[in-house]
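Per TrEMBL, the feature domain 'DUF4178' maps to B:59-193. What TrEMBL lists as transmembrane segment is B:377-396.
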């Protein structure tokens, strides 16, 4: 095996680098790719305990 | 070698033929009457080749292969004697490198050079090793020339008729040996693509024969070597494993909140509010473990993780069910009294959680355990599968192609498995 052998693998090497890079980024940021916990995000102008959807639900 | 005034007179029609190979040419066909003759020895039993075979690479065409400029000197069509298939061979010549062959069958090409040293013998008659590569016997045949045109440095008709040929392959390479009673000629060959042939001889690729099936030396996928792919895949998996080990062993799993909630404490409220907790550092995961003492019961909660710094609210739900009982086969259980919600990429900040519970008739409490920076294994398994797709696809394709390739051979290693 020599370096020329890797020329035929250049697309797989690039593909593997992207996957490993994405895996490392996800591990570092705590990103689970397929997460069974489905979430919704809401942005509210206020702060405190009674904001956004929680506030609407509560009142 | 063209442009010479070296000539030979046809022994049949007396036409004068210009000989590009000069004194090296030992046999040729007459450009006028197409009769084939050896220089100074015309075998009249060989009928003129009047068949309408047209070489895809015209005689006299020059092409550069591996940095060597070859000229097309002769063209033959040969027919295998057992299965009656035909292929085409071009005799190429370079005054410094000598001669070579370009063979074509079903649109698949090989460039073949004579070699002086016989390859190392193998352990059996059907294989041998050369350069650490195992070459397998692919075909053994006798052939006849059904058409010839141009010049040859040997009596191609007599040589072809009198030799037994064996070809060994390790795609994209091959070895061929021609054996007669008094001679042995070894050649080494390599697959060359139709586009490379067209480019080398400056002809249109579409003017070359159309490819059918898989060539017997055609590589599976470009220039990929199986051993290199295996080694690199192992390297990638080890890198993945080390990365996962790093994340698992360095996950802090800090408990940022832990508490138990009772239905009786709800009063007029419809939800619980946890105390505020602070998440530090960069974005990390957050898990919320929910435990409810259930007995043939369920618990449902809607949760809001609220960022007190910017008001962003992350809403999710969790349903927990646990049932048990006895039937004819004994005790059975279904579900769990424990559930986990996983939240990805939660940035640093001050948070609290609002919980909107729905209790059943007998379920009256639940506990929360909130942890920061919890490692997950699922990404590892997914990445493993994603990374395995390419090598798996390669080897599946390789297996299919090899079976198809060897289906053309009497010496298929796959026959013993079927």
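Cβ atoms are placed via backbone N, Cα and C, with glycine included.
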Predicted model, mean pLDDT over the domain 'DUF4178' (B:59-193): 90
Long-range Cβ contacts under 8 Å made by the transmembrane segment (B:377-396), restricted to residues 6 or more beyond its ends, are 220-221, 224, 226, 229-230, 233, 236-237, 240-241, 244, 248
Under DSSP, the domain 'DUF4178' (B:59-193) has how many residues in helix, strand and coil? 7 helix, 88 strand, 40 coil
